[in-house]
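> Structure incoming, see below.
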Amino acid sequence: MKEIKLDLGNSSYSVFIGSLGELNFAGKVAVVTNPKVAGLHFKTLLSKIKAPEVYAISVPDGEEYKNLSNVESILEQCFISRLDRKSTIISFGGGVISDMAGFAASIYERGIGYVGVPTTLLAAVDASVGGKTGVNNKFGKNLIGSFYQPSAVYIDTSFLATLDSREIAAGMAEAIKMAVMFDEGFFNELAKKSLSYDEIIAKCVSLKADVVSQDEKEAGLRAVLNYGHTFAHVIECEGGYSTHLHGEAVAIGMVMANTLACELGLLSADEAQKIKNALEAYNLPTSYKIKDTNAFYEAFFHDKKSMDGNIKFILTNGKIGSHIIKGDISKDIVIKVLSKFC
Ligand code: NAD
Ligand code: GLY
């Protein structure tokens, strides 16, 4: 069992990677999941939980259901099961489930216990770690939410065996994101496809733990984890959260961010091509047709990194494995870059 610690003062916790052992709780437990994950793996999880009472709370499967009304439905079921301040919510699923379950845990009776058991590669490498929780609304992605750290995260890669190839690829997009921003050596290994899931997850969680330990509430550095996301969130919103998987939109978003970086002299065409090749090696999409560049640009202003009319872009800083947060880029330059995707 590999243990990676997030050093966050009173909110510190560990991420465990390895075969899931017994999970012991003094209070009641509610497992938030969806019908697909429950059908495949609930029995396995249930056999590991030792608690006075265990409830299952199911929400519909899909990004389009990551909204306030489903959080309300989770909360209602918590009240019906009479969860109290000693109770724990376990999120059991992908990033959609962990974002919603974590948010519900953060607001139920002003906050109860929260534990993550991710079942997608994307949730294992990124979403289950770091305490960002929340939901989408008609204005955009993840605009409602909270920072709320779990007390532990248990990653057992045997759950990933039932994922389809598209979902695996979506997880790889977030892993490539981490590598491009922070670690050229890791990027080269990913490009060569030479690492196991356990190795990829351990590396991503370590990189993320380091970032989140320095900047839990995204005052600066943590924004770098949003490389590609400013573009991706618009793509997801334009598709009604159902045409592209989050990781697929992030892959396209990284290509768009790299095109901007090339325009600004912050990345060579060769390096941009290397990143595109790596994404395509995992069968991730790298192209997108923007219908209206102005509308696409305006949608950036719903991004949480946009402040006082200034959009902050997360870009490579000269090479793979480096990053820069760049504001004050003129609208003309951004529109010129977006036009290359028309
Ligand atoms: P997801 O949660 O929708 O899961 C993808 C699909 O896989 C779903 O249909 C799900 O039911 C299914 N599934 C889950 N586990 C499975 C298994 N073991 N076998 C078979 N099928 C399984 O999507 P995701 O890619 O895991 O997460 C995307 C979400 O995560 C987005 O909403 C994104 O905004 C969020 N996210 C959050 C953070 C964060 O830090 N909070 C970071 C990255 C992404
Ligand atoms: N996935 C971005 C973050 O956790 O900050």
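Note that Cβ sites are derived from N, Cα and C of the backbone, with glycine treated the same way.
Any TrEMBL annotation is an automated prediction that lacks curation.
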> With HIS229, HIS246 listed by TrEMBL as binding Zn(2+), identify the candidate in GLU174, GLU184, GLU189, GLU298 belonging to that site.
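Record source TrEMBL; matching candidate: GLU174.
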> In sequence order, which residues at least six apart in the same chain have a CB under 8 Å from the CB of HIS246 (Zn(2+) binding site)?
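Correct list: GLU63, GLY95, LEU122, ALA170, ALA232, GLU236.
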> Of THR120, THR162, HIS229, the binding-site residues listed, which put a C-beta under 6 Å from ligand 1? Please answer none if none do.
THR120, THR162
> Spatially, and counting Cα to Cα, which of the binding-site residues is closest to GLU174 (Zn(2+) binding site)? Options: GLU64, SER98, THR120, PHE159.
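When the Cα distances are compared, THR120 comes out closest.
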> For ASP61 (NAD(+) binding site), just give me the three-state DSSP call.
coil
> Please name the residue among the binding-site residues ASP61, GLU64, GLU174 whose C-beta has the most neighbouring C-beta atoms within 10 angstroms.
GLU174
> State the count of C-beta atoms found within 10 angstroms of the C-beta of HIS229 (Zn(2+) binding site), not counting that atom itself.
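The Cβ of HIS229 (Zn(2+) binding site) has 25 Cβ neighbours within 10 Å.
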> Cα distance, HIS229 (Zn(2+) binding site) to SER98 (NAD(+) binding site), nearest Å?
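That separation, Cα to Cα, works out to 18 Å.
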